[in-house]
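Structure first, then comments.
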Amino acid sequence: MTAPALKAGYACSEGCGFTASLWDVVYRCPRCEGLLEVAHDEAALRAIPAAEWKRRFESRFATSRLPDGSGVWGKREWALPELPVEDIVSLGEGRVPLKPLPRMAAELGLGSLMLKECGVSPTGSFKDWGMTVLVSAVKHLRSRGTPIRAVACASTGDTSAALSAYAAAAGIPAVVFLPKNKVSLAQLVQPIANGARVLSLDTDFDGCMKLVQAVTADTGLYLANSMNSLRIEGQKMIAIELCQDLGWEPPDWIVIPGGNLGNASALGRGLDLLFNLGLITRRPRIAVAQAQRANPLARAFRGGFQDLVPMQAGATLASAIQIGNPVSFRRAVRMLRAFDGVVEEATESELANAAARADREGTFACPQTGVALAAVEKLAASGVMAKGASVAVVATAHGLKFADFKVGYHRETLSDVKAAHANPPVELPADLSAVREALKDLG
Ligand SMILES: *Cc1c(COP(=O)(O)O)cnc(C)c1O
Ligand SMILES: [Zn+2]
């Protein structure tokens, strides 16, 4: 007996019944304007027992050779099962550490606190997990003769870095729309280095998003924002790999920073698949963390999840989640309802201090991860997270992309931040007794 072939296609995520082939260029449901999702043939997936999936994934995980050694393509049957292997564009994304923070966990009364270090990645953020899937699909589309001249995205910095790198690897031109002066220097230089056409626009992310949607509607430019559900199929592997790290035993809580809310939605999709296929038997709870200055989901949560009220996002150190009109709002609300979820928010001081606190335990947390860590502090203090709970935080970028944030924190020059852990360098003459004096109090 041979197992049934694995198939996937687009379906409307609002349930109106629209379906399309994955090799059609379509981003939204033409009937109801809803976002699409990649629908897998779950019956065919279920025909393979959970133990066999685990064995297959573990054996690929053991190699560093690509594409099996990719955290995404090592599980390719769950991403794009019909994509020919020769069209995979992998830079070695995923397969990242789950780093314990035992001191912070003990101080907060938690059983464990862990960082899933998604920024330990080719371009330094979790965006690589989704972009490898999208760019591989575009490579396949072009090989089938679909007229795509270039890929394009609007970005708060990390999406454009990821798109530019994967497009460069695939030999596909890339165009990125960035809000002028609202991304870090490292984020700006990445697409420049990878040869993308970089448009620096005098607006914010939401303004860039409007323009890229308009320009991709009627030319051969392919839209690479997270509205595009191909990216979600890669990003959902974060949840899957996290459970794999823990011996297929989910933590009590998973905490994730949210901007456009694609990643939060992807987390739910990964966990749903694990649960439906029997690889995990318990559903964790999920907390989405937002910057207080860009908190449309937190506001909606407090109002019992009435409709989204788009807002003008205020300037926040967590610039990658400075988004006032999140495209995946409805997906995220459905996810939160399914995972008994909560939404928490963090001020500038809270996010900066939480990141600095985690740094003292050997990490180098980006400001968005700081938002998530601040949410953990608040949810543990308020008792929403029970004493002894196990908590995993999706750390979304490498702190080295936000060096100016770190420098400002330790120089105490960030506005609206009272730095509790500032550790400025000690300026000294090159003099032995002065050096001895400065080290006297070390234990
Ligand atoms: C994109 C991004 C986020 C937010 O992800 P969404 O899918 O937009 O919610 C969080 N942190 C970092 C570092 C990011 O680049
Ligand atoms: Zn629809």
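Heads up, the Cβ atoms here are built off N, Cα and C, so glycines get one too.
Just so it is clear, the model here is predicted, and its values are computed rather than measured.
As given in TrEMBL:
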type    : residues : note
DOMAIN  : 89-396   : domain 'Tryptophan synthase beta chain-like PALP'
MOD_RES : LYS127   : N6-(pyridoxal phosphate)lysine
In sequence order, what residues of the same chain, 6+ apart, have a Cβ less than 8 Å from the Cβ of LYS127 (N6-(pyridoxal phosphate)lysine)? ASP158, THR159, ALA161, ALA162, LEU163
Considering every residue in the domain 'Tryptophan synthase beta chain-like PALP' (89-396), what is the mean pLDDT value? 96
Per DSSP (three-state), LYS127 (N6-(pyridoxal phosphate)lysine) is helix
